[in-house]
Amino acid sequence: MLVLALDTATPTLLAGLARWSPGREPEVLAERAVPSGTRHAELLTPAIRGVLADAGVALADVGAVVTGLGPGPFTGLRVGVVTAAAIADARGLPVVGVCSLDAVGSGARTVVTDARRKELYWATYTADGARADGPGVVRPEAAELTGPFVGDPAFAERLGAPVSAAEVTTAGLLRAAAPQLADPALFDGSAPPAPLVPLYLRRPDATPPTSFKPVTTT
Amino acid sequence: MTEPLVLGFETSCDETGVGLVRGHTLLSDALATSMAEHERFGGVVPEIASRAHLEAMVPTVHRALAEAGVQASDVDAVAVTAGPGLTGALLVGLAAAKAYALALDVPLYGVNHLAAHVAVDELQHGPLAEPSIAMLVSGGHSSLLLVPDLAREVVPLGRTIDDAAGEAFDKVARVLGMPFPGGPPIDRAAREGDGAAIAFPRGLTGPRDAPYDFSFSGLKTAVARWVEARSRAGEPVPVADVAASFQEAVADVLTAKAVRACRDHGVDHLVLGGGVAANSRLRALAEERCAAAGIVLRVPSPRLCTDNGAMVAALGSRLVAAGVAPSAPELGADSSLPIDVVGV
Ligand SMILES: [Zn+2]
């Protein structure tokens, strides 16, 4: 089965196309990692067209969509999630959401990515790749995390330990989605698809005013 | 041959709107709103609105398709609000629209939210007379436009230099202890009041003022001062009279400037749009003054005046019919998209 994989949880957007079958390593046919900063919405659909063209397949050949649900900066994160939801809906495909950190690196590790506001997103994994703890958001100085660290090397100094550079990959997203992709209920319509809810980890910035000042004194 | 079926997306503020239009025919207008979640904040919180757009997107598309009795595969073109609006909110609709266009293999049209407010009237009253003057008043915008060709040319004549008209309603409502958004409760209260009871100021109506620009900040402050003075004196605040007199001042300035714009430009059609166009006094006074000036007034139903997906589909439909080129694949959102850019 061909799977389209998307992620916009970090400043590098990812679109990938892979062949997936149960119990096997995904075979990545095409992948584009675009350093798009805050331009995910502009560049994601062109990147999807790009990987389809690179692999020489049509969207009609794709059997499922996998998307990273973050954690990541909210505005960019939503672009990938809504894109995955809309493509899956328009083509009548199942869509699987996974924690984006699960798709960074492999084996025993602590994944760290930039959460802005001087904080990082983190999750820890056991040797077999299963998530042991997280995802969470924390200031590096306050984090009680142990390495080896992978993800955003910019945090090495503040963590006091090396961070080997790694980003979200197509293979990583498919590995993280494997249990769901292997579930026949995803395809036979017996279970309604779970809505894709981003891993925000933070409440919206909005403090209700405690009292209204008279308009003329402001 | 039947006209193209256009799917429109609107997410510039707190309404998730998805509409379907064929030619000038409104097929469906599905709406989800996060307004209730913003009420306690006294204004729209962008992050809350953006989260709600994402949650509502696919279900709202399904409702729009079901109401119209069509399949996604029947869609011939997709249109989306590219701006102006709240960036985070715009991006959810933009990304969704780009994805549907890609997956359905149809062209995508990024359009201007303000021009879409004008286009929506075609769904109710047929093709727009061109040129028309359009006045768009809502919580986010207050603009006076000359519209020679809705698909290609919209000329800004004036706009608010401070608060949007709808913001003034929200702030005055707050002063009067009414809920957010302020438009409906003020309109209701004003029905029991006398619009001539208090002479509130009419901003920017002096002989040397910009003839088509608006200012509502001074009016809002004047209302607040008047109410505070009453309260300090220990006198009861005549809420209905304050609401009616405030509303009268807004409606008076807006209609006077709109009629003047028509006269000055030799245009005999005026279109109103935006949430404040749902205000009953504004509609009544506009009818009165347009009738006296020989101007044909077009006001969409209140439901179509406020933000919705059908208005975006209506403008998209107009662009398709006019043969305007679709948007580039790298289409993005622009929170301050200039009004003279109709299609992006
Ligand atoms: Zn609007």
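Placement of Cβ uses the backbone N, Cα and C atoms for every residue, glycine included.
What TrEMBL says about a protein is an automatic prediction, not a curated fact.
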Review point. Which one, B:Asp307, B:Asp340, is listed by TrEMBL in the same Fe cation site as B:His113, B:His117?
Key: B:Asp307
Check your understanding: TrEMBL has B:Leu136, B:Val137, B:Ser138, B:Gly139, B:Gly140, B:Asp170, B:Gly183, B:Asp187 down as binding substrate; which of B:Asn279, B:Asn308 does it also list for that site?
Key -> B:Asn279
Exercise for review: List which of the binding-site residues B:Leu136, B:Gly140, B:Gly183, B:Asn279 have their Cα within 10 Å of the Cα of B:His117 (Fe cation binding site), in sequence order.
Suggested key: B:Leu136
Check your understanding: Given that the record lists B:Leu136, B:Val137, B:Ser138, B:Gly139, B:Gly140, B:Asp170, B:Gly183, B:Asp187, B:Asn279 as binding substrate, what is the largest C-alpha to C-alpha distance among them, in Å?
Key -> 18
Review point. Are any of the binding-site residues B:Leu136, B:Gly183, B:Asn279 near ligand 1, with a Cβ under 6 Å from it, and if so which?
Key: none
Check your understanding: Taking the Cβ of B:Gly183 (substrate binding site) as the centre, how many other Cβ atoms fall within a 10 Å radius?
Key -> 24
Revision key, fill the gap. Those same-chain residues, other than B:His113, B:His117, B:Asp307, found with Cβ within 8 Å of the centroid of the Fe cation-site Cβ atoms are B:Glu10, B:Ser12, B:Thr81, B:Leu114, B:Ala116, B:Leu136, B:Ser138, B:His141, B:Gly273, B:Gly274, B:Asn308, B:Met311, B:Val312
Practice item. Fill in the CA-CA distance, B:His113 (Fe cation binding site) to B:Gly183 (substrate binding site), as an integer in Å. Key: 21
